[in-house]
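Participant: The structure follows.
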Amino acid sequence: MIKIENLEKVYKTEEVETTALNGINLYVKEGEFVSIMGPSGCGKSTLLNVMGLLDKPESGSYKFIDTELLTLNDRERSNFRKRNMGFVFQNFNLIDELTVFENIELPLIYNKVPTGERKKLVNEIIERMNIVNRSGHFPQQLSGGQQQRVAVARALVTKPKLVLADEPTGNLDSSHGNEVMELLCELNETGTTIVMVTHSSHDASFSNRIINLKDGHVISEKINKSRNEELI
Amino acid sequence: MFKLNLKIALRNLLKNKVYAIINIGGLALGLTAFVLMLLYINHEESYDTWSQDLKNVYQIRERHSFFTPDNKEYWQDLSNSRVAGIIKSNVPQFKAITKIDKEWGNGFSVKINKNEPVLIKSIKDADSAFFHVFPYKFIKGNSEIALKEPNSVVLKQSLATKLYHTTDVIGKAFRLVRWLGDKGIPLKITGVVEDVNTPESVVFNAISHTGDQDHDPTDPGNSHYGEIYAKSESLLDTTLLNKNLQKVYVDFKKKSFSEQKLNFKEVYADGKMPGLKAITLKSVHLNPPFATNWIEKIKPVIGISVFLLLVSIINFVNLSTAQSVQRAKEVGVKKVLGSYKKQLLTQFLLESAAQGVIALFLSIILVEMLIPAFNHQFDVKLSFWQSEQLLTIFSELLLVFVLITLLAGFYPAWVLSGYNPISVLKGNYENGLKGIALRNVLVVFQFVISVTFIIAIGVMEMQSRYMNNKDLGFERDKVINLKTGYEENFVKRIKQIPGVKYVSTTTQVMGNAFNTSTKITFKGNDIELNRVSVTMDALQTLGVKVLSGRLFSKEYKQDTVNSVVLNEAAANLLGKNLVGQSYGFKSYDNKIISFQIVGIIKNYHNEGFDKTVLPTVYKVSNLGGSANTNNLLIRFDTDNYNGILKNIETEWKSLYPDFPMQYESLDDAFSQILLEHKRFVNMIILFSVISVSLSLLGLFALSTFVAKRRTKEIAVRKVLGASNIQIVNMLNKSFLILVMVANLISWPIAYIIVKKWLDGFAYRIEMPVLPFIVATIISVAVAVLTVSLQARKAAVSDPVNALKYE
Ligand SMILES: Nc1ncnc2c1ncn2[C@@H]1O[C@H](COP(=O)(O)OP(=O)(O)OP(=O)(O)O)[C@@H](O)[C@H]1O
Ligand SMILES: [Mg+2]
């Protein structure tokens, strides 16, 4: 589904130039759950941002199914993103002024889903995420694990083809972290493609394939046999 | 979408209540000053708009042919009454022409039967065509015939109810006594017209038709001057019309000159040709014949109120961008979820608009509350809801609203919608710091304005105090000025009333200067002096101070012949040791008459302090009889002279039963002179208060924000051992620098402005230093206080709370 070739991303600040991505080649198959690992500063988040069309690389190619995404203009990128992608962040990034329900509803609004259907979809996902009795709460009134479930719910409510998660368990204790990982697995099992950045090999063990980055290069790739066997 | 955005906006406002109140309140304040000014402008523009038909009414103006000091061309609104006739026969486009006598005196006395006379202003005499030109609505009577007969009068509704408590007054009669001693004209009421609710250039309470305006003087050398208005059936091309008028008028002049055996070319040898033109009634108010028009007059006020609005908009921009960091995450998330920049821009603009609407409503409430005080202070009659121009005002407000929304909302919206989602979502709000330099500039700008205002108030206050306490050279208490001439019989009677010390008259009275100059020869030099004629007691009545010699007195026979008193200014021109010396004056038949100087008095101010006291010579003359000075000065020997006044009034009534007595105290007359000045000062104070509060609001909110943004830094510093005071100082320092910079900038600006203002006074204080120092101290103190309040709150809070969330 995704084919990335020779991706390069350079950050220029006043004094230094940092090459965050240095010729990345990568593919992701439809329905796959891929983990990206590597030492801090190796370019994991940068790669994810590029994949999520939040950032523009200097050169390279990024094909999604058969569309080249790097040549799109801002508006087309926004449109493509809101229709096909969902995001989960390490620090949740829920809008503080909106309730749980409203936070989850937001992407549907951007996708111009009619009100009636919106309510139905949000309620469905709230039920699935097990946060029904929290739907009127504001983010600050929830625990970290609950907040992340809301964030996952928000990423999923539009039924995106691709979910991008940057250290989704980074701010959570292990039991809450596991809950989130199980959610992602469930999601993956229903056919959603997931690319996740993580530092935890425990989390990575939930995925089909682990890609290792170092200094902006892909240095190795490992198929997660146990998980793949499970799948089969 | 909209609903959700509205929710976000409201919840944000509620979360930051103080910020919201300051932001909206500040804008409301700025708007208030602006709306008041708009109302004033609308009021001025509404002159002569009470009827559609007035579009076709023109005022005739004649070129002013007298010498004016500034040598500019003036067109006076008084024209030779013969002009009406020549227009009638030469300009067929005018269907109706009316002549109105100029208003003179302080009002006419209306005497109904044997009742007490009442003084009524603006009873104007016109010919029978007045209501053919001015389409007033008749409540009683008929516009066609109302003024047809001589000795008829048409009242405004308000006057009818004032005099008769009813409008059923047709057929009633009264006597109009126009001046003291006038035997009066009997007038019959033939109509009552409705009062109009927009201001009029031709103000009247009643229009009489005595017949005086029906004929021109028979002698071609005599002219009668009055206002002339003409009405056409449709809008005329004024250029064409005026070309015609000019030609007709010059022809008329030539003819009239040859009748008088004058040579036209000689009279107009200086090239100043006679001129005649018509201007639309609508433009009359904007073009007063001699005075500066209202737009020129209020230009500084327009400037200031636009400035204030700008300051409040700056505040808004400043606070919104400062606050925007709190919205950064929202922007980031929305962008990730696929929002376009344009959508976000619209969202934030709409938020500003919403706040603008609230501010506008608040300002309308404020305006409603302020209008009575404003009207009283500036002697106008403005209204908001009752205003005739409500629709205009609302459309103007709509425009202002759109403008402020764009001005105030666009920059913050642009900043906000421009946030890079990746960095904000990483918790990196560097973007929020981008505006810091701009915000600092804006804070400095606001403080420059405020400090300048404070300095200006200080200097103005000192100048006012100086003027109020300045020795006027005469004693203004215990003296009244009766509006009448020096009539021997009356003077003799009131001199006998106990408590009356002096009764006298002079040709020069407070605030009413008729300066006539006289050329004298002293020790071979020709010197021009201002000449004032007085009765024997006049200088004593005024209580002037004698510097050397003596004042006039009955004991000296020659005092009624050739004694003079000089004021200090005149004495300085002539030299030293003047008492006892004489100067020469060439009379009209070229004889040299000698006058002896008997005394020198301290300069006394009969006008405002903006004018210098002229070098003046005082001379006794017989001002009784026909020499009508219309001011009779009476000095009492007590401050409590109400009882004595009653006695004087009794004497008055027995002598002049047909004309009411009018008087004012010299104290009041003098205050009247200072009134215009006082109004101006009050206005500056009002604007200053608004400006200073706006700046403080801005500073308060900005420091709140900075303290909040630096919460983490403060916490870290405290953990590392910083004391509360150290932290307060740290926060204060950055703002103090700004305020000091603002002070440095405003000193020269204030100096220039205030100097220019002071230069308008002939008698003024030296440029004081104190206001500059005080303004600086005040601004620094208030800034420190404001910032400290916020800084302290941040400093004393528990550092753990701040760090926990990171
Ligand atoms: N906005 C930026 N400006 C300059 N350099 C940047 C910027 N963002 C990232 N970098 C640099 O790019 C490199 C890759 O950063 P990136 O955030 O992708 O690392 P990461 O692998 O996600 O690390 P971590 O595991 O710590 O999150 C780093 O060296 C970082 O310093
Ligand atoms: Mg990272």
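Glycine is no exception: its Cβ is also placed from the backbone N, Cα and C atoms.
Per TrEMBL, the feature transmembrane segment maps to B:20-41, B:301-319, B:348-371, B:391-416, B:437-460, B:680-702, B:735-754, B:769-789. Residues annotated as domain 'MacB-like periplasmic core' in TrEMBL: B:21-198, B:449-615. Look at TrEMBL and you will find B:303-421, B:685-795 tagged as domain 'ABC3 transporter permease C-terminal'.
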Participant: Please identify the stretch among B:21-198, B:303-421, B:685-795 with the greatest number of Cβ pairs below 8 Å relative to the domain 'MacB-like periplasmic core' (B:449-615).
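Facilitator: Between the stretches B:21-198, B:303-421, B:685-795, B:685-795 has the largest tally.
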Participant: If contact means at least 3 Cβ pairs within less than 8 Å, sequence distance 6 or more, would you call the transmembrane segment (B:348-371) and the transmembrane segment (B:20-41) in contact?
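Facilitator: The transmembrane segment (B:20-41) and the transmembrane segment (B:348-371): touching, yes.
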Participant: The transmembrane segment (B:301-319): which same-chain residues, six or more beyond its ends, come within Cβ distance under 8 Å?
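Facilitator: Counting only partners 6 or more residues beyond its ends, the transmembrane segment (B:301-319) has Cβ contacts under 8 Å with 19, 22-23, 26-27, 29-31, 33-34, 36-37, 40-41, 352, 355, 404, 407-408, 411-412, 439, 442-443, 445-446, 449, 683, 687, 690-691, 694-695, 697-698, 701-702, 705.
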Participant: So what pLDDT does the domain 'MacB-like periplasmic core' (B:449-615) average out to?
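Facilitator: Averaged over the domain 'MacB-like periplasmic core' (B:449-615), per-residue pLDDT gives 86.
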